[in-house]
Amino acid sequence: MRDRLLAAEKVKAIDWRDGALHLLDQRVLPFEENWIAYTSAAGVAEAIRSMVVRGAPAIGISAAYGIVLAARARIAEGGDWYAALEEDFMLLADSRPTAVNLFWALNRMHDRLDRLKENADPLAALEAEAIAIHESDREANLTMAQLGVDLIRKHQGNAQAILTHCNTGALATGGFGTALGVIRAAFIEGMVERVYADETRPWLQGSRLTAWELANEGIPVTLNADSAAAHIMKTKGVTWVIVGADRITANGDVANKIGTYQLAVNAMHHGVRFMVVAPSSTIDMNLASGDDIPIEERDGAELLEVGGKRVGADVEAFNPVFDVTPADLIDAIVTEKGIVERPDTAKMAQLMCRKRLH
């Protein structure tokens, strides 16, 4: 399976080369494939904030490389570069509030800095750590893909229809994808007849990114309006809803792209299984439940402007980027450490005590 998954890789969104972070600008896909090179932490923070790069794992990886760029600049300035670097950590941490992978990656970079031996090269150590974060996410993607396929096969091994939301593929990660990685692997195994992709308003990650990724790999994909999901579950034989996550709390509640919660409610009503796929770096054991997750809200103009024109002068918009799906609506959480079925606090704690499977 691993070799076939690697052979199927066609898309990547993050490239570290020649001392710069190169990001595929996801704001203009699929109409343009435009790579932007970043050489400063401020540039990387803005790329995260403006959604040049998006997807929780990809954000964390980008932030790690951002610290490498920051350290290079601070060391070149001279003086107390270590203290000055704290400003860059804070700048990157403030770029997106909900995706915990961002804070996980920054904490890991900070820990590596704190563990530097005397006379060690800090820049080389930080670069090696960022590359390790990138590579570990790629390996986690491969492990989760296999585990997800095993779970699908456990319940129903024949070709089936799957519904997904937002974008959780190579564009959102450092490798093959989380939820979309499972879907890709299931297709390779002959277990996917068709994928229904929610358009995912207002940024249209489903129509612009997911449909593009799947079509590029020859996986049958049907794009649908977000509001059609329940009807599709009822009439199109969907057996699984498979999504990613931006943060998972200690009790198994999941914050993901806005619209995920209603998918879980509809899946429960229609007897459709609901799978969340995310690396263990997405799990925040410091938060007891989804009630504690900060939910990012973006500019209402994303909803109020149609074709470049405002819909109404007196109309207000509520534009949360994420919602929280309660654990009791989730059939399984798949991570590189293993699978938690019917998640709860005890099962999540047990999962996080395990070593990685890859």
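Cβ coordinates come from backbone N, Cα and C, glycine included.
Features reported for this protein in Swiss-Prot:
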| type | residues | note |
| --- | --- | --- |
| ACT_SITE | ASP246 | active site, proton donor |
| BINDING | ARG54, GLY55, ALA56, ARG96, GLN205, ASN256, LYS257 | substrate binding site |
| SITE | CYS166 | site 'Transition state stabilizer' |
Using the structure shown, find which entry in ARG54, ARG96, LYS257 (the binding-site residues) has the sparsest Cβ neighbourhood within 10 Å.
-> ARG96
Determine which residues of this chain, when ARG54, GLY55, ALA56, ARG96, GLN205, ASN256, LYS257 are set aside, have a Cβ within 8 Å of the centroid of the substrate site's Cβ atoms, and list them as they appear in the sequence.
-> ILE59, ALA99, CYS166, ASN167, ALA172, GLY244, ASP246, VAL321, PHE322
For ASP246 (active site, proton donor): intrachain residues, at least 6 apart, with Cβ closer than 8 Å | ALA56, THR98, ALA99, VAL100, ASN101, ALA255, ASN256, LYS257, THR282, PHE322
Nearest-integer angstrom distance between the alpha carbons (Cα) of CYS166 (site 'Transition state stabilizer') and ARG54 (substrate binding site) = 11
Span of ARG54, GLY55, ALA56, ARG96, GLN205, ASN256, LYS257 around substrate - largest C-alpha separation, Å | 17
What is the number of other Cβ atoms found within 10 Å of the Cβ of ALA56 (substrate binding site)?
-> 29
